Amino acid sequence: MAEVEAALPVAATETPEVAAEGDAGAAEAKGPHKLQRQWTFWYDIQTKPKPGAAWGTSLKKGYTFDTVEEFWCLYDQIFRPSKLVGSADFHLFKAGVEPKWEDPECANGGKWTVISSRKTNLDTMWLETCMALIGEQFDESQEICGVVASVRQRQDKLSLWTKTASNEAVQVDIGKKWKEVIDYNDKMVYSFHDDSRSQKPSRGGRYTV
């Protein structure tokens, strides 16, 4: 949406060159704030699957963005977990990465998971995580795929997906940083996607922080 502003007179002591430089600086400040990479919102409204339907058929791609302004517009209008009802998920992943175990970026990875029993807590943790991701606040940002907010009847979950599950040192560093980001004091557990695929999850998770 274009903005219309009244033109301000240039001070008599300013040369046209100085005034032009000032105008250019102001225009740059008002322009969109670009992110280091593109990100994509996804959503998954889960209903009773049809017989023979493949997993992930309800997963839909939402919007891809690359500016701070676009993120806030999408978050405020649509992608807030408390707006979800029933069994549904919101995902924020790097553009080009699908929130599926089968995606090459996720295939050998895993996830840190936290539980939330209150929608307000989930909203806050989701927002803080999204801002940390798009703001590249993690030292191991190349290892992160994205985050998933899962709303369920009994309790909600937030999961941070990463690429290389076998690299314990990196995953532990990411887990510790994430706890700081969302101000989480309870134990956090990391599980391998391979364990979930085999339906034999490691008891208590592979790593904890």
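Cβ atoms here come from the backbone N, Cα and C positions, even for glycine.
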Candidate cysteine (Cys73, Cys106) that Swiss-Prot pairs with Cys145 in a disulfide: Cys106
Cβ-Cβ distance under 8 Å to Lys83 (mRNA binding site), same chain, at least six residues away: none
Where Gln155 (mRNA binding site) sits in the secondary structure, as DSSP reduces it to three classes: coil
